[in-house]
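Feature list (source: TrEMBL):
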| type | residues | note |
| --- | --- | --- |
| TRANSMEM | B:29-49 | transmembrane segment |
| DOMAIN | B:90-304 | domain 'ABC transmembrane type-1' |
| TRANSMEM | B:94-115 | transmembrane segment |
| TRANSMEM | B:124-147 | transmembrane segment |
| TRANSMEM | B:181-205 | transmembrane segment |
| TRANSMEM | B:226-245 | transmembrane segment |
| TRANSMEM | B:288-309 | transmembrane segment |
Amino acid sequence: MTAAITPRRVLTYAAAALLLVWTVFPIYWLLSMSLMFKTELLSVPTHLAPLEPTISNYTRLFGGSAIGPGGTELPQVGQAPMIRRGLLNSLVIAVSVTAATMAVALPVAYALGRLAFRGRAAMLFAIILSRSYPPIAVVVPFFYLYSRTGLQGTLRGLVIIYLTLTIPMVVWVMTSFFSSLPRTVEAAARIDGNTRWQAFYRVILPMSWPGIAVAAAISFLVCWNEFAFSQILAAGSTAQTFPPALSTMFFQVSQPNEMAAASIIAIIPPAILAYLFQRRIRSLNLVDPL
Amino acid sequence: MIATSPTTQPTPPAVAQPRRWSTSRLGDGQFATLLTLPVIVVLGLVVAYPTLYSLWMSFQRIDLIFGTTEAVGFANYRQALTSPEVWHSVRVTLLYTALVTIFAVAIAVGGALLLNERFRGRGFLMALVILPWAVSLYATAVVWKYIYSPEWGLLNAVLQQRLGLSDGPILFLSERGAVPALAVAHAWQIAPLGMYFVLATLQVIPEDLYKAAKVDRLGAFGRFRHVVLPYIKTPLSIVMVLITVEAARVFDIIFFMTNGGPGDASTTLTWDIYRQSFVNRNLGYGAAVAWILVVLTTIITTVYFLLLFRNREKRPDKAAVGEAT
């Protein structure tokens, strides 16, 4: 099938090319940097792609040693142990926060999405307000409270404050999802002998797993990508997550290639999740759940 | 709504046994209360309590080293509202927020209109455009710092070395350029979600309307003005308000890219709060400035909420969805 070349088609493909470049190039550049030796990065004119690609920036982050372009051994990455510890902390926190969030947020999202009750509008407003609360304003009282209760620099402390981000987000997303299910589900479940709670727990929840999976993925991403709380409440401690560890590397020494490699590692889990769920994210309304 | 008439109750197997308590005895309102109770307790502890605490803090002078507090009344607020630094950062915040919103909305609407067309590779592109949204804000900052870098930046490599548009490396994060440059980076990250949302709205516009527009001989602009705009007007305002709040909350991007500089050229309210609270360790004053920001974002959020609720039945984008369900 060949289509006629019309001005509109030319324009469409030009715009598509532009959108592609705009979306991909910044990340491409980071990837390209992460595959270069520093000597190549500093060459003028700048190479737009690595001539001799190397994975040494990645292997050295995980404790390996590597030979540089001149045949000499490259220096160890001083922050490598911190980066590895940060990855582990980020994973532990993201998983525990997501589990806790689901337990608390799913029932209320079900109520908001499917039941008419007094205070529903007020509840929704409270959820939106908590969602728009500036994190930097949240962290000021937390910093003071944590400094007096010993929660500073602990995984527990970070899990607690991350709930302020994930719960409103998940309630928002799942309210939208639950309200999109057919209205007759509960009535049918009740005729089959289920109580109200069983109708929710045994019928609605299992049929909602696609929505729950997306909500869990989003909650995981929010924790994985969070920087400010961890930087302010746990920087330099054993509970420090990946992003503050990365920031130390970013500011202390000039190691742009190793830094680019570490950033690519940070981007991989979210990119995979976004790819897996992009169709659902598109159909799921993240903006307007009512 | 869910039927609550007794006919839907299961017939009890043994009438002699006392009936066990069950959630089926509850009305809609009572069952909803039961379901919302956990979230009220948790959000009360992790949101409401710290919020009230920070209100109290904003009326104190707090000494972290000696662990003492002293009530100072409105002194922190007086100091904040008369401080030229705070007003400067309010102006920077407003400029930054406006720029991010304009850039991101332009990208979102442009991208959505494009993805609503038919062309080869459309599915691939549609899957790909979400990528920046998955990149965290701090990683976005790292990415764009390296794009803008005068030493090894991609932009300078192209603009200066390949195209020869400039003699020396362009300093994008200069005093004048910093805020717009940061806003571009933020818009890159935030636009995809808006793009998906606008696209979803575009796809519910009935095909007939386009045909009618063709009969009326409307051009591309006329189609946008009379067919597309009425549908996307409300969803678009919702996206705009959301992006505005996100932009006003910016922290990671400033931290990684400029540290509020050069000088205080990119010192937003959030950065001012950070500096006062955690660098100068002036927590009471920081809390007071934070409340100025909270008031600002609360106003924006209230507008957003009213937009969602108001004129629901009049919205063409919702009417179409309502019929389908």
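Each residue, glycine too, has its Cβ placed from N, Cα and C.
When Cβ distances are compared across the two stretches, the transmembrane segment (B:181-205) makes no contact with the transmembrane segment (B:288-309), since fewer than 3 pairs at least 6 residues apart fall below 8 angstroms. Long-range contacts of the transmembrane segment (B:226-245) within its own chain (CB-CB distance under 8 A, at least 6 residues past either end) are made by residues 97, 100-101, 104-105, 108-109, 113, 190, 194, 197-198, 201-202, 204-205, 209-210, 213, 218, 297, 300-301, 303-304, 307-308, 311, 315-317. Same-chain neighbours of the transmembrane segment (B:124-147): 111, 115, 153-155, 181, 184-186, 188-193, 195-196, 199, 250-253, 255-257, counting only residues six or more beyond its ends whose CB sits under 8 Å from a CB of the stretch. Tertiary neighbourhood of the transmembrane segment (B:94-115): same-chain residues 122, 125-126, 129, 179-180, 182-184, 186-188, 190-199, 202, 224, 228, 232, 236, 239-240, 243-244, 246-248, 250, 266, 268, selected by CB-CB distance under 8 Å and a gap of 6+ residues from either end.
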